[in-house]
Amino acid sequence: MKARLVAVGEKAPVWVAEGFAEYQKRLSHWLPLELVEVAPGLRGKGRDAARAMADEGGRVQAALPRGGWVVALDGRGKAHSSEQLAARLEHWRQQGRDLAFLIGGPEGHAPEVLAAADETWSLGPLTLPHMLVRLVLAEQLYRACSLLANHPYHRA
Ligand SMILES: C[S@@+](CC[C@H](N)C(=O)[O-])C[C@H]1O[C@@H](n2cnc3c(N)ncnc32)[C@H](O)[C@@H]1O
């Protein structure tokens, strides 16, 4: 099983890119994680945010892996402890499908994207900046893989 992170937003700051690359490297033998960045829709004076969200939503859907199990990151979604996430990861492994994790834009996910997702995942009720969400997601996937492998990274 491998995973693809489809994230609205480009040009991550260096501290995010380096942190993400570190967890990507650590995950490489447990859950290869590919990052696909999607250009945000155009916003600003005279531009409709709903149109921008729909545009980026279309690009997100075009970037989904064929037949993948789609998990949309959303603050209003389903929360998991790290142990519950590890159990979820084991469940996903047994399904035998690749995974796609989605991070939305400034107003969140387009309704069509949420409707197409198989499940949602909340990192908690706080609204996090989308670049930080990449990093937390990669770290928590690494933690979940460590738990499943009885690796000492996660000490309960
Ligand atoms: C700046 S947030 C969007 C906030 C938007 N107002 C909303 O209500 O969804 C950008 C993206 O980061 C992700 N995100 C932010 N906070 C999150 C959280 N607590 N849990 C899961 N995902 C989160 C979601 O994918 C969201 O679409």
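Note that Cβ sites are derived from N, Cα and C of the backbone, with glycine treated the same way.
Under the DSSP three-state reduction, Pro125 (S-adenosyl-L-methionine binding site) is assigned to coil, being neither helix nor strand. Annotated S-adenosyl-L-methionine binding site per TrEMBL: Leu73, Gly104, Leu123, Gly124, Pro125, Leu126, Thr127, Leu128, in sequence order.
In this record, S-adenosyl-L-methionine is bound by Leu73, Gly104, Leu123, Gly124, Pro125, Leu126, Thr127, Leu128; the longest C-alpha to C-alpha distance in that set is 16 Å. Other C-beta atoms found within 10 angstroms of the C-beta of Leu126 (S-adenosyl-L-methionine binding site) number 7, with every protein chain shown included.
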